[in-house]
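Some features that TrEMBL has for this protein:
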type	residues	note
BINDING	B:Cys57, B:Cys60, B:His61	heme c 1 binding site
BINDING	B:Cys204, B:Cys207, B:His208	heme c 2 binding site
BINDING	B:Cys340, B:Cys343, B:His344	heme c 3 binding site
DOMAIN	B:43-146	domain 'Cytochrome c'
DOMAIN	B:189-302	domain 'Cytochrome c'
DOMAIN	B:327-417	domain 'Cytochrome c'
Amino acid sequence: MKLTINGITHQVEAEPDTPLLWVLRDELGMTGTKYGCGIAQCGACSVMVDDIVTRACVTPIESLENRRITTIEGIENDPVGKRVVAAWVKHQVPQCGYCQSGQVMAATALLKETPHPGDDEIAAAMVNLCRCGTYNAISAAIHDLAGDERTGQ
Amino acid sequence: MRKLLSVLLPVIVLAAAGVTWFATRVPSSPFDGVAGSQAPSPELIQRGEYIARLADCVGCHGSPDQPPFTGGLEMATPVGSIFATNITPDKETGIGNYSLADFDRAVRHDVARDGHHLYPAMPYPSYAKLSDDDVRALYAYFMHGVKPARHANKASDIPWPLSIRWPLAFWSALFMDHGSHHEQPSENAVWNRGAYLVQGPGHCGACHTPRGLAFNERALDDSNPLFLSGALLDGWYAPSLRGDPNRGLGRWSEDELHQFLKTGRNRHAVVFGSMTDAFNNSTQFMTDEDLRAIAHYLKSLPGDPRRDGPAWHYDPKSNDTLALNARLKTPGAQTFLAKCSFCHGADGRGQGQWFPPLAGAASLMARENASSINVTLNGSKRVVADGIPDAYRMPPFREQLSDRQIADVLSFARSSWGNNGEPVKPEEVKHLRESTDPANSSVIILHMR
């Protein structure tokens, strides 16, 4: 089966019901996407599929042929993603960092859907968990980006 | 007065004698005086093993940490708990001393070898329809294919006088359809095979047919439209298996039904709740021919539009309430998006056969909302198809979500995408939360498995 990840097409051997997360980490060695809870509750495994945030641990690859998958490894090729990473660095968001590739995915998908989200929209979209409690820093970074005129490009 | 007594007394005595005779009599078996074969052929034993699969004997007479068929499962009756018994051929603790006729009386009637009546926790109202050939094969398997295992039966905790069993004779006289299965000459052989499997060994009605006040199934075959019309049992709602498009199998094809019973999943649904036991132990082992017969038979049972209402159609409008700027305003919508949508799809349509759709799901449209609450609180057990456990499972939300949050998210799902289920109340969630908590003293004890 063929999967297009960060603009590159990969031939993968896994069974059609295999979760995307296993294919990314085990078959393709792209370990930036993390395994957290395995049941779509924490968000550590978030990736984007056609710019929509998706939990790789509960996404069978069967449904992904001819779709555009973006992982943390390719996020800076995306202009919005690049600015999100810059804001994350500016606000020194990560502590242990484990959940942050997922947080960056959620933020990028949000800003791609709506470039200047309000507080309610941020609350509705940013539901990934962080055990270090970096929520204040995440919020500061997102609000910074939400007010940024260039975000919509 | 004396005259009256002299007339009445004999009548009373006679009536009492009649009742005693009736309640203690041993029903006859076509196998009375027939010895079971001492050395049955391997084919007969193998056939018996297959029938034990069809009938899911191990579902109740087995427990995971013990040798097969040694019993132990606790089951509820209106007056207390009983325990499924050891049915290995061990002479002391099992059924090693059962003759073929004794075995027949326990399986197709309701009487154990020592003459005591059995509770209908053992699904003999359905097994009554087993053919003589199938009973003979089952017996050969249990006597020669199952290893004898010493394992003492657990006594029931029912206090005297409620523990007296002869009144059960009247129960079975009233509510059983004695006599074996009859072929319908107007239907073809596939249909008739399906009818036999569903009504007899498969005992699908034990869970899927509504029960009356005496815990009796209200219909034992398709001559009554209540047969397999959906029932609530042990905290799970087993939906209609008739042609109802919303709460039944109206939208399923025969092939899809076959796939569900063989692999545990199809594009409409994935097994959960007490159906997981029926699937893990029984339906997946049925031959393709038998599964096709079951599917063909079930698809011949008409639905009831008065009960089921207008047919479900997907309605995309409800996705508006899930929009980024709207979802915090509708109770349940945000919980759905954050906790459920990644598996069940943000559009409620599931992911192929791996995650069932919530749009159009029977559990969300049934008036009885127990299945939807129970599965959200407690998740589901491993579905093991062909020895391989499933990759994806419904997680338990008991620790994560409050009664109010579960009520809201289910009310949302029950009223979205064209679903027309009534809202769920937090009290209903609270009730099931308590009665499905193993640590609780009033936890549900199974009636059926």
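For all residues, glycine too, the Cβ spot is worked out from N, Cα and C.
Values in this document were obtained by computation on a predicted structure and should not be read as measured data.
Using a Cβ-Cβ cut-off of under 8 Å to chain A, the binding-site residues B:Cys57, B:Cys60, B:Cys204, B:Cys207, B:Cys343, B:His344 reduce to B:Cys343. Note on B:His344 (heme c 3 binding site): other Cβ atoms within 10 Å of its Cβ, all shown chains, come to 23.
The binding-site residues listed here (B:Cys207, B:His208, B:Cys340, B:Cys343, B:His344) include no residue with a Cα within 10 A of the Cα of B:Cys60 (heme c 1 binding site). B:Cys204 (heme c 2 binding site) falls outside any helix or strand according to DSSP and counts as coil. Cα distances from B:His208 (heme c 2 binding site) to the binding-site residues B:Cys57, B:His61, B:Cys340, B:Cys343, B:His344 are smallest for B:Cys57. In the three-state DSSP scheme, B:His61 (heme c 1 binding site) is classed as helix. Summary of the heme c 2 site environment: with the site residues B:Cys204, B:Cys207, B:His208 set aside, the chain residues having Cβ atoms within 8 Å of the Cβ mean position are B:His203, B:Gly205, B:Ala206, B:Thr209, B:Leu228, B:Ala231, B:Ala238, B:Leu241, B:Ala278. Counting only same-chain residues at least 6 apart in sequence, those with a Cβ under 8 Å from the Cβ of B:His61 (heme c 1 binding site) are B:Phe69, B:Thr70, B:Gly71, B:Leu73, B:Ala84, B:Thr85, B:Asn86, B:Ile87.
Per-class residue totals from DSSP over the domain 'Cytochrome c' (B:189-302), listed helix then strand then coil: 47 helix, 10 strand, 57 coil.
Comparing the Cα of B:Cys204 (heme c 2 binding site) with the Cα of every entry in B:Cys57, B:Cys340, B:Cys343, B:His344, these being the binding-site residues, the smallest distance points to B:Cys57. Residues of the domain 'Cytochrome c' (B:43-146) grouped by DSSP class, helix first, strand second and coil last, total 43 helix, 10 strand, 51 coil. The Cβ of B:Cys207 (heme c 2 binding site) lies under 8 Å from the Cβ of B:Ala231, B:Leu233, B:Trp236, B:Ala238, B:Ser274, B:Met275, B:Ala278, B:Met448, each of these being in the same chain and 6 or more residues away along the sequence.
Rounded to the nearest whole angstrom, the C-alpha distance between B:Cys57 (heme c 1 binding site) and B:His344 (heme c 3 binding site) is 34. Averaged over the domain 'Cytochrome c' (B:43-146), the predicted model reaches a pLDDT of 94. Summary of the heme c 1 site environment: with the site residues B:Cys57, B:Cys60, B:His61 set aside, the chain residues having Cβ atoms within 8 Å of the Cβ mean position are B:Asp56, B:Val58, B:Gly59, B:Gly62, B:Phe69, B:Gly71, B:Leu73, B:Ala84, B:Ile87. For B:Cys60 (heme c 1 binding site), the Cβ neighbour count at a 10 Å cut-off comes to 24, with all displayed protein chains included.
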